[in-house]
Amino acid sequence: MRPARAFIDLQALRHNYQLARESSGGKALAVVKADAYGHGAVRVAQALEAQADGFAVACIEEALELRAAGIRAPVLLLEGFFEADELALIVEHDLWTVVHATWQLEAIEQARLGKPITVWLKLDTGMHRVGLHPHEYQAGYQRLLATGKVARIVLMSHFSRADELNSGCSDEQLAVFETFRKGLAAETSLKNSPAVLGWPQIPSDWSRPGIMLYGATPFDQVHPLADRLQPVMTLESKIISVRELPVGEPVGYGATFVCDRPLRIGVVAMGYADGYPRHAPTGTPVQIDGQPSRLLGRVSMDMLCVDLTEVPQAGLGSRVELWGKQVLASEVAQRAETIPYEIFCNLRRVPRIYSED
């Protein structure tokens, strides 16, 4: 069997959720959209269900997967419903839905629902992605109340630059939110992972931790609370070939790396088809049998090369950590000029192995 594996530490996951909940000062929906950022939504939700206040997913398909697996905790649809017909499924499966557009308000007004639903009413405070316009927000709230079809409303927005700790944008968005929700008697939800970790002064009854659950920092700088996160996924494979190369020999496609001295090269069964970033450059860190080393040359579809020169004991079958407890996913992502969110979500073709250790 091909040796590529992703080991998922469920105890670390629970630790990170508890840190999110304690740091936010309120309730927390564990965000498990995109297959729990590549970690496996069903297994993640099962591991957290006894602890979590609920879950958040992108769409109804993801919610129904959780319900089919027996998850009974609240599940919020972060993008809401895409068609009015989905309201029947929302009622049937006891889901919560975001409402971010006036057509969704109209759909609820016109629908015949078997019981009242929970709505998270989204305000566009400056990200300009989805959400009611500020001047529509109060009216939208009143329209929902007037339907008699809504059991509860939570007021929400989303920060666009909370990962930039020196930016004033989050304070500006908070000011917009407070202005246009004034007088509305409802719980609020503002905090995503960077807001939970970096903006403790922002009030929020509900938080929505995502990337922090999986042990990756949302920041590009050291942060004391983020440093308490524990990596959940360890991506590993093994060396399947060893080469001794003299000075001047190229490594991999395009000869982007040429040996500047005699080098011992290991070929690892891992490539961009598995989700390892193709644009990770020479020098991206790896661990080989617990010893630090580096990536060499261009990442191929199914293989990549590492430097064994300073790890003389390594050879065929040696364990290689691509990211995890020793090699942080955030560092790999930074080297590849992307973010840990993307490299986690890109994981595929790699079996996941779950443990409680």
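Note: Cβ is positioned from N, Cα and C throughout, glycine not excepted.
Not measured: the values here are computed from a predicted model.
Listed in Swiss-Prot:
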| type | residues | note |
| --- | --- | --- |
| MOD_RES | Lys33 | N6-(pyridoxal phosphate)lysine |
| ACT_SITE | Lys33 | active site, proton acceptor |
| BINDING | Arg129, Met301 | substrate binding site |
| ACT_SITE | Tyr253 | active site, proton acceptor |
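Positions of the features from Swiss-Prot, shown on the structure.
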{"residue": "Lys33", "record": "N6-(pyridoxal phosphate)lysine", "DSSP class": "helix"}
{"residue": "Arg129", "record": "substrate binding site", "DSSP class": "coil"}
{"residue": "Tyr253", "record": "active site, proton acceptor", "DSSP class": "helix"}
{"residue": "Met301", "record": "substrate binding site", "DSSP class": "coil"}
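Note on Met301 (substrate binding site): other Cβ atoms within 10 Å of its Cβ, all shown chains, come to 11. Counting other CB atoms no more than 10 Å from each candidate's CB, the recorded positions Lys33, Tyr253 peak at Lys33. In this structure the C-alpha atoms belonging to the residue listed as 'N6-(pyridoxal phosphate)lysine' and Arg129 (substrate binding site) are separated by 18 Å.
Rounded to the nearest whole angstrom, the C-alpha distance between Met301 (substrate binding site) and Tyr253 (active site, proton acceptor) is 11.
Every protein chain considered, the tally of other Cβ atoms within 10 Å of the Cβ of Arg129 (substrate binding site) stands at 10.
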